[in-house]
Amino acid sequence: MATQADLMELDMAMEPDRKAAVSHWQQQSYLDSGIHSGATTTAPSLSGKGNPEEEDVDTSQVLYEWEQGFSQSFTQEQVADIDGQYAMTRAQRVRAAMFPETLDEGMQIPSTQFDAAHPTNVQRLAEPSQMLKHAVVNLINYQDDAELATRAIPELTKLLNDEDQVVVNKAAVMVHQLSKKEASRHAIMRSPQMVSAIVRTMQNTNDVETARCTAGTLHNLSHHREGLLAIFKSGGIPALVKMLGSPVDSVLFYAITTLHNLLLHQEGAKMAVRLAGGLQKMVALLNKTNVKFLAITTDCLQILAYGNQESKLIILASGGPQALVNIMRTYTYEKLLWTTSRVLKVLSVCSSNKPAIVEAGGMQALGPHLTDPSQRLVQNCLWTLRNLSDAATKQEGMEGLLGTLVQLLGSDDINVVTCAAGILSNLTCNNYKNKMMVCQVGGIEALVRTVLRAGDREDITEPAICALRHLTSRHQEAEMAQNAVRLHYGLPVVVKLLHPPSHWPLIKATVGLIRNLALCPANHAPLREQGAIPRLVQLLVRAHQDTQRRTSMGGTQQQFVEGVRMEEIVEGCTGALHILARDVHNRIVIRGLNTIPLFVQLLYSPIENIQRVAAGVLCELAQDKEAAEAIEAEGATAPLTELLHSRNEGVATYAAAVLFRMSEDKPQDYKKRLSVELTSSLFRTEPMAWNETADLGLDIGAQGEALGYRQDDPSYRSFHSGGYGQDALGMDPMMEHEMGGHHPGADYPVDGLPDLGHAQDLMDGLPPGDSNQLAWFDTDL
């Protein structure tokens, strides 16, 4: 029978090597596990054929395929000869597949495998055998290692505590070797006495090799939770922190990586590291040059500083901000830059660390990384820059950063756009150089496009609108910026933001932007056509009613709604209407909305800024005779006369101007009395002004200039409004620093004023306007 012949052939091939096979297994510390007794057994053939490798195929087809696979042709006799060779070496092929270690070196066995991607049947059958063999080997090795370690640990513990340092060194080396194998490593970590001895030896030794071996052992143990707990309970953290002062790089590496594993996975490790002085030691290591070592060290600092103010202050006191900024400026290793930017991000929300990072050049060091291909690095740098930017408005050398931020506004990543808009908003605050730079690199167009794309995402639209508000005021390119918003189709979307679902912070910023846009006469008609005036009046009425309701209920403190005071909305809307009222058609619309009674009522406001803008808008409306009569009919003369005595020069000036225009049709006696009243009120603190007025030269028609408002005025106050929201890591919000009120322009025409004696000299004698006082509309620090 063919199958029996095959089995006999296999048995004859295996017989001579049977003892060698058994011997080989015994040399590997194995006993005979049944391989010898089962050497001559095999499963019967399922096909019943003599040669299990043969297939029932057509011979001619085989010959055809054979010829296709070789460049030379074979005769029938040659094919039979080759087939015979394969039959004679069948046993060797089986042995090579299942027990390759039993073959003699150099033995050549013809292979039946023609395609490396398709193993033969014998090779496939041999795979489970090989897997079983390796499993048995691993199991026996593991058992041997565990038994050896268990027997050796008590003795090694004694040797580690020996007084002879040579003995201690040898024991440390042996323990280190044992810790490299998993079984013995588990045995070590389960012995508190051994772990304590390792920690004590590492801490007390003066021998470099002993320190290296003990630190290496703890490093190996720290890859297991059980090992981390054993190190923690044995007081390993203070010892490892001490090793951070070692001059040996390998010891430093073992110590910092072990501490890193503890900080990541062991409860209580953070506090232990802080108490042991680990923060100071880690900051001191930031001057090293090994980038991988620095990456681990900075990650440790991030873990320790996150959510812990005391740690942030310790890092600051240790010189951390400067060292971290130097790393960002010096290295290119992505992981190091990423871990360092994470530390800076955590520190950037600390009010003490923030200015230190900025002064160390943090803005300039982080900026170049915004074009890095690593998105995680870019995102961390953006968050950090966003948090730092409100403290960096006075920084120089920001041109490159500003250009990059404008480019990033076109990103498809919402987080990138959000951060870029926020940073631009803060950096353009009260910095005319930054404003001009952003305008010159296409910032207006980019910001308008950003607002258009953002839709109702206020975390993007609010900072973008704030940035536009800054860019349209108080710098040489401001008029160009005011025009550019219109030319890039921004007016419709800006006016739309005054409507729901916009929240009060966004509405406040939009009102300020509209006020600035109205400084450009070319924007008057488009803003009117977009319905800006009725909506501003609606917002004004609503905010005023809210303040009146609160006052009637006995409230004394100003109320915040979504972080915005309603008094700010009253002031902002009135100021925007004041500038829009420079256009005659806009004045008609404003008067037609029955706003004059409200403006007159605002003259009684206890807030000087509201008094000023109310008087300002009445001043513009009073240019029209009908409006002047309506103002007088509402009883405005009394409050305006009272405001002539205001300590705020802007309020007094506007009140005087309204009274001028209201007196146009009055008798001459009335005009003379008014002239005397104005003279005594406006020049009460300057008795010699009448003789000096010719040289003072107030330019009443200067667009956007403020009227007589000095910084030492008690009404010149600052406040903070909330930023654009906090991030998921507890980031502090960006602070938008703003002044309490803006300062209305004074470019109303004076040609039509009646002759009031010295009236023109009176107007010329006022202090010149300060163009840097438009505070409500451009955030001031």
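Using the three backbone atoms N, Cα and C, a Cβ is placed for every residue, glycine included.
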Which one of SER111, SER184, SER675 shows up in Swiss-Prot with the note phosphoserine?
SER675
Would you please say which range out of 402-411, 442-451, 482-491, 772-781 has the annotation region 'Interaction with SCRIB' in Swiss-Prot?
772-781
Can you identify, from 2-23, 508-529, 574-595, the stretch that Swiss-Prot calls region 'Interaction with VCL'?
2-23
Look through SER191, SER605 and state which residue has the annotation phosphoserine in Swiss-Prot.
SER191
DSSP-derived helix, strand and coil totals, residue by residue, for the repeat 'ARM 1' (151-191):
32 helix, 0 strand, 9 coil
Could you pull the average pLDDT for the region 'Interaction with SCRIB' (772-781)?
37
